[in-house]
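Chemist: According to Swiss-Prot, the protein carries these features:
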BINDING   Asp21, Phe22, Asn23, Arg36, His59, Leu60, Gly61, Arg62, Arg118, Arg151  substrate binding site
BINDING   Lys201, Gly292, Glu323, Gly349, Gly350, Asp351, Ser352  ATP binding site
Amino acid sequence: MELPRLENVDLSGKRVFLRVDFNVPIENGKVTDKTRIEKTLPTIELLIKKGARIIIASHLGRPKGQTNPEFSLAPVVEVFKGLVKSNVYFSKTVIGDEPIKLSKELRDGEILVIENVRFHKEEEENEPGFSKKLAALADVYVNDAFGAAHRAHASTEGIAHLLPAYAGLLMHKEIVELSALLAKPARPFVAIIGGSKVSSKIKVLNNLFDKVNHLLIGGGMAYTFLKSRAVPVGNSLVEKDFEVQAFQLIEKAGVAGVDLQLPVDHIIGDQFNEKAKTKSVDKMGILDGWMGMDIGSKTVSNYEKIIKNAGTIFWNGPMGVFEMDKFAGGTMAIAKAISKSKAKTVVGGGDSIAAINKAKVADKITHISTGGGASLEFMEGRKLPGVEALKKKVSE
């Protein structure tokens, strides 16, 4: 996939509108994981080296088109300032007099971060007038926000048609790594898919069947699969509307010659919180009044053996209720198993990345994808609007 590249473009003295994905987790006003900020630093450092005047834009959370202090980028900017050596300024508004004035005052290599673009409903509506107001801040557009590339929004798609547009280094790396994963994976190719809902993973599971050798299922979605096979799942999360599709996926795996693995034992809880009583149960099923909260030790062992012999691994989604420590064991075990593998490893999705970081094995992973939904949609074989807008620039 050919994308317009930054490396050979003269950007000295030019204002560059850089769309990044600074949609990071924040608790009590503090950034708790700065992975997405760090991942875009190579592009920012390249722009600084080229003497560009950088205007950074990002979304944060879902403020529903209204100004909401809870979703302000201010705490993100404070973290960002500690990661770059250039002067960093912050505009408390997205469009209007303040960002226009500040963008014109920038010197070569300096950075202006504008407020959360989703404070304006026109952003998600991809409203042409709003795109023009964003474009008025700059001479050149660079998209490094792979995590938002599946959205046809003003700052990810609309603006790309109004300025000379290029892919950032992270955007390019994401596309190269994920394309290779689908086109020429080393065998055996193992996909580990977790998370709470089958409904959000149906399409990617279907698209992976003709590409993978092993499909390992975990997380809450596993219980819809097990229920479809008449395994007692107690009070576990089950999407009743997707039981038939889950059963069809199991059958499809058999026809395609894909080894689809489901949990054979579980860590269960009597309530969905940290105070829950816990016990381990085997494949005979889960008792009424109890719910599956994590994969058990036998399942971990089964999955570890398959991971050890893999040539390529793609992991998206936790194996249990990872945010609760007593149910994080399965996810952490998978993170460590993947880190020990000699395979090419690609990890995507917030909880999976959090587990990799918590296990302190990020340096052992070939590629950590910053795109949760975007990487899934790419793996589904879908076109990403933010990427398509850049591809059009190559053909023009």
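The backbone N, Cα and C atoms fix where each Cβ goes, and this holds for glycine too.
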Chemist: Do me a favour and check the Cα-Cα span between Asn23 (substrate binding site) and Gly350 (ATP binding site); whole Å is fine.
Modeler: 11
Chemist: If one looks at the chain holding Gly350 (ATP binding site), which residues at least 6 apart in sequence have a CB under 8 angstroms from its CB?
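Modeler: In sequence order, the residues whose Cβ lies under 8 Å from that of Gly350 (ATP binding site) (at least 6 apart) are Pro25, Gly372.
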Chemist: When the Cα-Cα distance from Asp21 (substrate binding site) is computed for each of the binding-site residues Lys201, Gly349, Ser352, which gives the smallest value?
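Modeler: Closest recorded candidate to Asp21 (substrate binding site) by Cα: Gly349.
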Chemist: Just give me the nearest neighbour of Glu323 (ATP binding site) among the binding-site residues His59, Gly61, Arg118, Cα to Cα.
Modeler: Gly61
Chemist: Mind giving me a neighbour count for Asp351 (ATP binding site)? Other Cβ atoms within 10 Å of its Cβ, every protein chain shown.
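Modeler: By my count, 22.
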Chemist: Quick check: of the binding-site residues listed here (His59, Gly61, Arg118), which one has the Cα closest to that of Gly349 (ATP binding site)?
Modeler: Gly61
Chemist: Over the residue list Lys201, Gly292, Glu323, Gly349, Gly350, Asp351, Ser352, recorded for ATP, what is the maximum interresidue Cα distance in Å?
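Modeler: That value is 21 Å for the farthest Cα pair.
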Chemist: I'd like to know which of the binding-site residues Gly61, Gly292, Gly349 has the most other Cβ atoms within 10 Å of its Cβ.
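Modeler: The residue with the densest Cβ neighbourhood is Gly292.
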Chemist: For the substrate site as recorded (Asp21, Phe22, Asn23, Arg36, His59, Leu60, Gly61, Arg62, Arg118, Arg151), determine the largest distance between any two Cα atoms, in Å, rounded to the nearest integer.
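Modeler: If we measure all Cα pairs in Asp21, Phe22, Asn23, Arg36, His59, Leu60, Gly61, Arg62, Arg118, Arg151, the largest is 18 Å.
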Chemist: Report the nearest neighbour of Gly61 (substrate binding site) in space among the binding-site residues Lys201, Asp351, Ser352, comparing Cα positions.
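Modeler: Closest candidate to Gly61 (substrate binding site), judged by Cα separation, is Asp351.
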